[in-house]
Structures are given as structure tokens and as C-alpha cells.
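Colleague: The structure follows.
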Amino acid sequence: MFSTKVAKVRNLYIGGSFPVRVQTMYNSALKSDETDSVVKLIGKLAQMGCDLIRFSYTSKEDGSAFKEIASRSVIPVVADIHFDYLLAIDAIKNKADKIRINPGNIGAKWKRDEVVRAALDNGVAIRIGLNSGSLPLNDKGLKKTDLMVETALSYINDFEALGFTNTVVSLKSSSTDETLEANRKLKALCDYPIHLGVTEAGSSVISSVRSTWALGNLLNEKIGDTIRVSITGSVSDEVISACEILRTLGLKKTGVRLISCPRCGRHTFDTERMVKSLEEKLLMLDKDITVAIMGCQVNGPGEAKEADFALTGIGRKAFLYKKGELYKEVDYSNAEKELLDAIQE
Ligand code: SF4
């Protein structure tokens, strides 16, 4: 959204005036007998707001599963390459829309030149993905963030010398301070789209806090065109968290805004289970609304009166509100379905 240059990944544009894109990474090895379930998962993530998904491409054996997934995926698919440049070329043959290479381990310049030529011939984008844990040799004794920036810029120059500009850059660190510093330095010197993320960020709660701090600050400074919230956990949580960061910053205007009360001694309605069960389903809806799940009938309706739809209750009894007005009284076991039906009416 904030770079001058734009990258094209299949039919998706990153950078320029395009919205900040949400990415995630599949967290298991590719298996030929699981492609159906992976394609289904991608469909769900796309509905929740995910714009592109990355897969580890660890050997040529990954090729057939990757190709099938890339061919059937509703969103662009990225191959994550470490060490072996031939795997990058293999992934390009197998329909990768974008390749991520790590300058810390991709090897000699002639090898990455081969990757760049293959990407150029096939209209594939490349992310220069630096990671503070696997940096190239620091023979000039540079500060880590300077080494990251200098390496990214020298790759960009080499790519441009071959006529390649379909590039995205990322400088990731597990330290939020380094992530902030490296990306600020990069932005001052580079017009290419920047992918943001805090790497090895931890569990869902911890990663969301760290990522919100680092990515939120950078996006507020107009740095970053695509983001990933790396979570030791589910890929759905990565997408939920990334979309919520963008929504909170006002960079994503559409989708369901889910609010729920923290609960207190008055709560008689199991909001925790209800929110857990409803969250993904609500985020998959193509609606621009606010939905509130509240823990008691005493204060819940009042506290949720700004919401388009609200659900609260007493024990097994649930009350569904539309625009602050009581709409229906239903049994707890039907409450979820009744809410979703009411939203879809
Ligand atoms: S809605 Fe009810 S349960 Fe929830 S925080 Fe308010 S008073 Fe407590």
C-alpha cells in the first residue's frame, strides 16, 4: 500500500495503492494424499481475508503436491526455498506464483541469477526474505540491521541488472526493535513492496502482541505492503490476527467486526465457547457489520446496542438482538445457527 513499485503475484498486486495484503504459511509438510484438505483450507483462509499462502518446498518430491495445490488454489501460492536454487526453479515449473529465497543460504550469485531468469521467463515474483537468524556472512562487521538492508539492496541491484523488478523484500527478526529498525532503514532506501513480519514470534497471544506493536508502528509510518503474523499455532489464527491488525489501523474496512465482553461475575452465558465456535464462521462472511457476544442479560444488551447483531443469554436461554432491539429468544443449542441465519437474511 505504501511502496512506489508494485509486484504482481498471479492476479494479485502488492504495493502501490493496493491494500495491504495478508499472508500465512502452511505449517506442515506437503503430502500428495492431503491436497484436497489443503485446497479446502486455503478456500476457508481466503474467505477469512488471506491473500496469499506460502509452502515449504523442501525437495523435488514436494513438486507434484505443490503443483496440484497451486493449480487449484483460489489465492496465489508461494514456494519457500532454502539452500537449493534448483528447488526454486523446480517450484517455478510447478506453478509457483512467487518464490521466497533466503540470501542467508541460497548460495552463489550465479545460482540466484538462474532463479531470477526462470522467474522472469515465467512471470513469477520473488521475495528476498532476510531473516535475522540466518544472515549472510558479515565480513564487514556491520550492525545486523545494516547487514540486512545492504544485502537486500545488493540483491535488488543484481535482479535489476537482469531486468527483473517483480520483487518484494522482507527483513524479519524475532526482536521487535530490530524489525522496526531494519524496515525503517530499508524504506528510506528502497521503493519495492515490503513484506512485514516478526519471526519466531511465539504463541497466539504473545505473537499477536509483538506483531501488533511492530507491524502496527511500521504501517502507521506507511511502511509495509503485506504482512504475516507468525504464530506457533493455527494458520487460521495468523489470518485472524493479521486482518484484525489491519482493521484496527483502519487499513481494512470490510468484514465482520466481532466484539465480545470479557465476562465478569454476572456472566451466565458461555461467551468463551460461543466466540471460539463462531469466530472463523463470522470472519468468513462477506458482510460489513459488527456482531457482539455478551455474557449476561443484565448489561449485555445495553453494552452491545451499537452492534448490528448481538447475542446474550441466561443459562440455556439465548437472546438475539438486531440493531439493539430484541429479535428472538432461542435455546443456547440453536443460538449459533440462529445468529448466522439472521445475519444472512
Ligand atoms: S456483559 Fe455482563 S457478563 Fe459481560 S462484562 Fe458486562 S456485565 Fe459482565
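Just so you know, glycine gets a Cβ as well, placed from its N, Cα and C.
Okay, these came from TrEMBL:
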| type | residues | note |
| --- | --- | --- |
| DOMAIN | 4-242 | domain 'IspG TIM-barrel' |
| DOMAIN | 258-344 | domain 'IspG C-terminal' |
| BINDING | CYS261, CYS264, CYS296, GLU303 | [4Fe-4S] cluster binding site |
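So where do these features actually land, and what's packed around them?
Modeller: On the 0 to 100 pLDDT scale, the domain 'IspG C-terminal' (258-344) averages 90 in the predicted structure.
The Cβ neighbour count for CYS264 ([4Fe-4S] cluster binding site), using a 10 Å radius over every protein chain in view, is 9. In the three-state DSSP classification, CYS264 ([4Fe-4S] cluster binding site) falls within coil.
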Colleague: What other residues of this chain sit with their CB within 8 A of the center of the CB atoms of CYS261, CYS264, CYS296, GLU303, the recorded [4Fe-4S] cluster site?
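Modeller: Near the [4Fe-4S] cluster site, the remaining chain residues are PRO262, ARG263, ARG266, HIS267, MET294, GLY295, VAL298, ASN299, GLY300.
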Colleague: Going by DSSP, give the three-state secondary structure for GLU303 ([4Fe-4S] cluster binding site).
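Modeller: SS state of GLU303 ([4Fe-4S] cluster binding site) = helix.
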Colleague: Just jot down the residues in the same chain as CYS296 ([4Fe-4S] cluster binding site), at least 6 apart in sequence, with C-beta under 8 A of its C-beta; none if empty.
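Modeller: Spatial neighbours, sequence-distant, of CYS296 ([4Fe-4S] cluster binding site): ARG266, HIS267, THR268, PHE269, THR312, ILE314.
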